[in-house]
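Quick look at what TrEMBL annotates:
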type: SIGNAL; residues: 1-23; note: signal peptide
type: DOMAIN; residues: 36-114; note: domain 'Inhibitor I9'
type: DOMAIN; residues: 141-568; note: domain 'Peptidase S8/S53'
type: ACT_SITE; residues: 150; note: active site, charge relay system
type: ACT_SITE; residues: 219; note: active site, charge relay system
type: ACT_SITE; residues: 532; note: active site, charge relay system
type: DOMAIN; residues: 634-731; note: domain 'Subtilisin-like protease fibronectin type-III'
């Protein structure tokens, strides 16, 4: 395969076509338009609008007019590389292929789905040859006990079937607490324990929930099945994302701790009670997909000192900086990112132009085959909708100027409520992010809704302004997976660093899939998004690593995950973060990067911490010690954050060899802008019979005296062959204390 063919195959975009399954497999006539992918390699311009303009120019030269080019183009690839998807005839595609700047032109391909995706996306192939990957080496998480502190469990879900399981591990000391609609048989050899914590919960909350470990909300069941659900065939949402649902550690055992309740949420008191019991019961990993866990960090610290790895979600208040929570150094804090799956939906205009949005419209019977009038109601507030005569029409809601002041999810819900109550028969909602796809769940039973970005919305507005009688119609949503979907991207809602509470601790630690994750809820399967969905992915990987390396401490496991993470996508392009606007991701978006499970099982080196060393840090948080900046700076973490570099700062780290006995590592420094970095020693060798741990010194020197913002870099220890051990660095230069700039 030559370079051009290989690149093209890697970039095949599976977008939606209004073709039947039979038609897509037939050779179409040369005059029939279909979707082609035109790949043009590296961008020639840094300005995305100029890249898009070059695509329009190429199409115009083939189609004969700018108007036809605008109607033809479906996607313009302008951020990571140059290319576009357009509706073309075979002869037009052949003409474009002859352009010197065009590398390949390929017909759009529909890929066969294999699973509900996130675990395959992470490389944990359930069907891999014996012992070939982490999942197999860990025996699928056999007998690792994972505690889930959440809203409880729906034990009848197929994801928790215990067929083929052996006896409950003898070391388990937990119990199956009975209660409302939850009896002793609700636990089994998969769900080996369940507790609920109702004391201190309001009477109103108890009335709206089950007074037992049973999960009325669905959140805890979704999390638990993502971590350790068994294989369930034929799962989908109305045919979308169809495949096999399974957890990341499908042979692990589950211990359920219901600390979160309808109405009252997750009080510190119940969470601490759950952690306390989990320590006693004998869990190996604790997964907590819940918000900033108050001031009571002692419970989590005790768990870590007992050898339990704790994994927390980082919060859903992004893309605003300084919103990350659960930022204590002894836990793993998780950001959320996308996977290589999308749900494209074709929007057909009355002028034959085809546009693509995202939706979950799987019920074709509710989607009109006829065109409907299009109305543009700007922000779709109550007044604008009332004055726009939307009854029986499809409404376009697009207000870019207001996006900065209103969270996308709130703006969407308001627009949906106003248009539906006014009698609209469809909604096209524009935002800077499509991380709202889960908000569409169930809405397709009310009316068709499609999400688009502001660029697509502007093309719809142009059509609305120029057409005498603008009309549009939708086609049913399709599922697409693979290289044509830009992924992973840090989700717009994912909370960002730096931590307000502990600016000297770089958070989040890692990012993992957390957008449109399909997992169990009651007796069905649904999409959820959030760092709550990313957290269980890291919890499962933590369990698998613990299975392979049972003698590793929580700090070693966390280090292995952080230092082997990916900062580039499948094409070698830097991972991006959905924000305003989309940008290259930095450590405050994703910590060490995107989790890479197989690499994490063999990191080569780890940054270990004796859990007792966290005591000084904890004592600082409760005011028992002074000099806390020094404790933060010199904790042996797999990251470095210096929020107050005035002239020069020195810190120390110790690396422990967990790879080949004899190895030599060389330091590779990517210095943050405006900062000089030195590493002593810069070459470290390990020999048989020698020490397995080596301490080195890092010195950071400000190259400019400014009151600046954060800049980012990294330190990588490389053995020049198998292992590359990378930690993120965040530095802020300051002149005066207490004057901040986090831009």
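From the backbone N, Cα and C atoms, a Cβ is placed for every residue, glycine too.
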| message | Validating a neighbour-count step here. Other CB atoms within 10 A of the CB of residue 150 (active site, charge relay system): how many? | response | 29
| query | C-alpha of residue 219 (active site, charge relay system) to C-alpha of residue 150 (active site, charge relay system): distance in Å? | reply | 7
| said: Restricting to the chain of residue 532 (active site, charge relay system) and a gap of 6 or more, list residues whose Cβ falls under 8 Å of its Cβ, or answer none. | reply: 219, 223, 289, 290, 313, 316, 514
| task | Determine the mean pLDDT over the domain 'Inhibitor I9' (36-114), rounding to the nearest whole number. | result | 75
